[in-house]
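Pulled from TrEMBL, these are the features on record:
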{"type": "TRANSMEM", "residues": "B:6-23", "note": "transmembrane segment"}
{"type": "TRANSMEM", "residues": "B:30-53", "note": "transmembrane segment"}
{"type": "TRANSMEM", "residues": "B:89-113", "note": "transmembrane segment"}
{"type": "TRANSMEM", "residues": "B:125-143", "note": "transmembrane segment"}
{"type": "DOMAIN", "residues": "B:142-198", "note": "domain 'NADH:quinone oxidoreductase/Mrp antiporter transmembrane'"}
{"type": "TRANSMEM", "residues": "B:149-166", "note": "transmembrane segment"}
{"type": "TRANSMEM", "residues": "B:178-200", "note": "transmembrane segment"}
{"type": "TRANSMEM", "residues": "B:269-290", "note": "transmembrane segment"}
{"type": "DOMAIN", "residues": "B:276-483", "note": "domain 'NADH:quinone oxidoreductase/Mrp antiporter transmembrane'"}
{"type": "TRANSMEM", "residues": "B:311-336", "note": "transmembrane segment"}
{"type": "TRANSMEM", "residues": "B:342-364", "note": "transmembrane segment"}
{"type": "TRANSMEM", "residues": "B:371-392", "note": "transmembrane segment"}
{"type": "TRANSMEM", "residues": "B:398-420", "note": "transmembrane segment"}
{"type": "TRANSMEM", "residues": "B:440-462", "note": "transmembrane segment"}
Amino acid sequence: MQEDFIIEFVTWSATLLAAIPFFIFCILFFVGTKLSKTSGWLAVIGASISFLLAVIVFFYTWPDKVYTQSIHWFTVGEYTFTLKLLLDKLSAAMLVLVSFISLLVQIYSTEYMKGDKRYSRYFAYLGLFTFSMFCIVLSGNLLLLYIGWELVGLSSYLLIGFWREKTEAALASRNAFIINRIGDTGFLLGIILVFAQFNTLDLATLTSGNLPVDNSFWLTVAGIGLFCGCIAKSAQFPLQIWLPGAMAGPTPVSALIHAATMVAAGVFLLARVFPLLNTDVLTVIAITGAITAFMGAVAALFQTDIKRLLAFSTISQLGYMVMGMGVGAYGSALFHLFTHAFFKACLFLSAGAVIHALHKVEHQLHTHFDAQDMRLMGGLRKTMPFTFICYLVSGLSLAGLPLFSGFLSKDAILTGALSWAETKGNFLWYLIPDLGFISALLTAIYVGRQLILVFGGEFRLPHLLPQLATSQIAVKDVPFAMQLPIGILAILSVFFFFSLNPVDAAYGWFLTTISVKTAQAADHSWHTFTVITSGLLAITGLALAYVVTGNTRIPRPAFLKNLSLHNWYLEDIYRILFVRTGQLFSKVTNGIDKKLLDTIIDYASISMVVLAHIFAWIDRNLVDGLVNFAAYLAGRIGALTRSVQGGRVQSYFLYTLFGLLILVVWIIL
Amino acid sequence: MTQYLLSLLIFIPLAASVFILFIPEEKTTYFKFITLSVNLIQLLLAMVVYLHFNPALTGVSNPDSFQFVERTDWISLQLGSLGKLSIDYYVGVDGLSILLVLLSAIVLVIGAISSWNIQTKHKGYFSLYLLLSSTIIGCFVALDFFLFYLFFEFMLLPMYFLIGIWGGIRREYAAIKFFLYTLVGSIFILIVMIGLYISVIDPVETAIEMGLASERSQVTSVLVKQVQQGLATGGISSTNELVHTFDVVAMMDAANYIPGSFLHKASDVLLFGISPSLVAFLCIFIGFAVKLPVVPLHTWLPDAHVEAPTPISVLLAGILLKIGGYGFIRIAYSIFPEGALHYAWLVALLGVISIVYGACNALASHDLKRMIAYSSVSHMGFVLLGLASLTAEGISGAIFQLFSHGILSALLFLIVGVLYDRTHDKQIENYRGLASKMPVYTSVVIIAFFASLGLPGFSGFIGELFTLIGAFKSNYIAKWMAIIGMLGLVLGAAYFLWTLQRMFFGKFWTQGGESWQVQLTDLDGREKLMLVSLAILGVVFGIFPFLLFEPMAQSVGYFVDFVQQAKDINFDTQLVK
Amino acid sequence: MFSLEHFLVVGAALFCIGVVIIITKRNAIVVLMGIELILNAANINLVAFSRYDANVLQGQMFALFVIVVAAAEAAVALAIVLRVYQYYQTVHLDKLDELKEK
């Protein structure tokens, strides 16, 4: 009885917490303009309720309860599709994460978006996003998950292109959606293949591990297909190009969607379908992840835009997670998802604070400069001390410095990768963890560089705008509504939240529970090695950054710089390879339609007309000619006989006489 | 009470169409209100049919389980040694047609509202519109091939004039192209119809003619079996007693074919080296492929759409294309299941080509309406793919896609109409940043575009999903075809979003400058009514797909089994023989 | 004594003169006179041949009839000629070609 009640209570709470943002979306979408300022607070209240419910659900679920609830949706053929809710420790943890960051970002946004023309619409879209994200997290079957998957794509599209008058925002949103659509199509292919193979989409059944596999080739394809979804959404190689562009959206959105939650959904998906992925697929995943981590880190090195740099770092960190999944370090990858969500959200929100502060200056001076260009910043530690501290904490966490959460999780992944490479045998497989280590070094370098550029040294903007130095206007730290989320997230980026042991999280509350599922338990023989190496790498990187940044005498390889700035020229390659060929192809098909098919049709009709004319000619000249000739002949004959008749009586008489004569002669003879 | 519903659906608009001719030309509002109210009555009746429809009854090839059936002798001629000619007024619905009747009624109402700003020759326009309303419904409910063909052809006539008189600049060209294309298509259908007529008898009528019974209701299934037995063994010697029929349901029963006749299933005559029934299947296929349309028989569609006035585009995309798909199911697949199985790969291939080809063309279009027309070609490719799969999922998906595309394409064409009404220009490049000028309109466009590119939560997604599931599950389609078909999803997103970005986002700018700026006002009440109601329908059927899946489930299951039975006919052995 | 041949010669001569007049003369009245000559040539023949029919004298009877008919004919024909003259203001036959198709 008691048990039943709890099940009902928990599942209803979960449903309700997902439904709240949807209602908020509906309200704000249709009547938002009338609410104006209150819409922000309405959204925050809704998000708070969602968060509270998520916490309740979490405590009922954690560590090892599983709740399901399903209702029939519709039947096609023999299979009944259901709306199924699946609540286990993974989804419960994700629920808390999503609702928590969503809440913080919405609090932050009330201040950040103040005065925007479409203020309520912004919160409406955030509501839609949160709802879709809950939909992904809570769904108990792949179809529902896919629905949520596409809907987050939609809300991401709407939010990237939120300032739709800006051409680059419109372009970026379009690119983001189309690239995501490519991945989603692969994902859908995976889902359909899974369905065709097992005749079910229910996650619990699929992952139970006791389904008969009769065609391993198509299962591999299905696995790759499912991974495609992850590649696009989590910005993995080769589809990572949309994420830097997505920075055209408002910064809180970047923090929520393009750093903490949506992009991590790919990793969540991999975790959800983990038992379905066979060794081949996992290998592909590991390689992709490692490549992405490295490419992202390289691309981040030379960026000058504060948000773009963070975007590339996100790509790189997502690469770590995906690599973690690929090497079987399931728990570690999820762990990194969580730590990354906090410190990266914190970084983005702090970056947003910096941009916000500079925008204010820009506004007050009635001038225009790029508020996101790090080359104009510097020395902000003095004017924005709070933001600086938070940025420092989360930045060091990202750099993987010991005592911070990022260190713990990155460590766990690298350990997993090393032990995985060991089981593979061939030393070439060590390339994967090696790429991870190199990326760790690069990470520390670009984080250090960014910290120094933004907060270190002296403020460089007055060089560009001399009137700034003379006027009373100064950069001020942001208001409380923005400081609060940043502060909370910064605190959560320190080690003790996840594990009391500052160098090993394996026995922390999170990792122990979440990684039970792992098939290959992480081998700890590599652990000490990893801790020392990555700790050293982080410190080296930061030191290197300190030495190099601002020091113009140290040469920077131009090749590497261009490669980094242009994100490995991927966009240009794709433009030539796919966009151009696509356009060419569509031109060709259009040409076929207009030039070939229509011409055939036109010529067919023209030839019909020509044929008709030929027939008409034949009719006129041959058939009519024959008839006319007959008439003509008759006429000629008539004329011949007529000519005899002169009209004179005498000649008639003569003829008669002549005839008579002939008659007489004939009779006589 | 529900007995004459289908006839009412057909004849009320027909009567109104004639009635309108007696009203003086200057009473333009009368025409509009009469048309709208007639279409609303149609919708009401269609709803009644939908609500009273019993989803447990299968229909398809079982004459007893059709619903709302009406049957009376229409033309009956004794042709001596050629047997007896029998054409019936025979209408009824089953799970395959009920949804399309409903769809037609919905779209016709929308079309009537959208006809409100027709400027010239009101009397002719609305009279033709009502004639069209009548024939469209007739087409979907006719169960006699002759009757079907009559309605099918009679649709061309009003359509030709509606495009040719009220259309755009190149309207004559478009109208003639449309007319010729569909006419050529229907000739193929006509040939097969005659072939079928010669080969098929109506066992019930034959029993009456033989004196075994005196009226239809007395003929039991035992008697029917007896007649069919007699036919097969040559027991019926006198050809005078054979009643040839156009009854589509009778044509589906292989036992009703006269032995040795042209289209008899076991006929060993070869035509062009293949069995005549396969040739017949291909002929019918071509006939309906023009209508659907299938690449490469599609080039009439963009022209017709670009030139047609908005309401006619709505009808054309919303309903007329569906008749192609419906024809495949009701005629081609049901009467020649062996052809459906034999040529499943061909149908699927054409479907895939249509998907990709249509999408690419949409990508290259500069005219908004042309782009949407090509997107229709692409979406109809999914229907073909689903049909070819011959699985319950695929066929259900195909019918769902027909319905969903009917709603969504109507929505899309109305959207173009809104723009065209204001500036008389629908070039994509001539607009930029419309979002800031027409925010409500932009919201609707975003909804419509995302619905059409198959975003979950809208009906388009369900249709595409299930056609693809069917394609992957099918034993008749290679998986690579289905995978290429999925490319359509990506391309769909590409052309819709590209258009969205080019026309609606960025800074406001138009080709027409100042004057357009004044003309480009946001939606008025009438437009909102149409657009929002269609958008709501798109969402409703996306979230509650069982509203459509439930009525068709039994029929589709039966249909799939029925077609699969034809597997037993092996053409290869016939060829050897 | 005159033999039959003489009569026939005269008759033939008269006939020939009549024919020549009919063919060559333009004036309708002269042509009528030519017709008279031909009739009389026939009469001469009839009378001459009636010698072989002494009992009934059919030839002479016929000649009488011919004279009567010729008189009637001449009357009618002259009347016609008069009408023609009134209408056409001429009796020249080669001007009267109304019979010819125009």
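Quick reminder: no glycine exception, Cβ is built from N, Cα and C everywhere.
It should be emphasised that the depicted structure is a prediction, and the values quoted were computed from it without experimental measurement.
Against the transmembrane segment (B:89-113), stretch B:311-336 shows more Cβ pairs under 8 Å than any other of B:6-23, B:178-200, B:269-290, B:311-336. Between the transmembrane segment (B:269-290) and the transmembrane segment (B:149-166) there are fewer than 3 Cβ pairs closer than 8 Å, counting only residues 6 or more apart in sequence, so the two stretches are not in contact.
Within the same chain, the transmembrane segment (B:398-420) packs against the transmembrane segment (B:311-336): three or more Cβ pairs sit under 8 Å, each pair at least 6 residues apart.
Same-chain residues lying 6+ beyond the ends of the transmembrane segment (B:342-364) with a Cβ under 8 Å from its Cβ atoms: 278, 281-282, 285, 289, 294-295, 298, 302, 371-372, 374-390, 471, 474, 476-478, 481-482, 484-485, 487-488, 491-492, 494-495, 498, 571.
Within the chain, the transmembrane segment (B:149-166) has long-range Cβ neighbours (under 8 A, six or more residues past its boundaries) at 118, 120-121, 124-125, 128-129, 131-132, 135-136, 138-139, 142, 172, 174-176, 178-179, 182-183, 186, 189-190, 193, 304, 307-309, 312, 316, 320, 323, 327. The residues of the domain 'NADH:quinone oxidoreductase/Mrp antiporter transmembrane' (B:142-198), classed with DSSP into helix (H, G, I), strand (E, B) and coil, number 50 helix, 2 strand, 5 coil.
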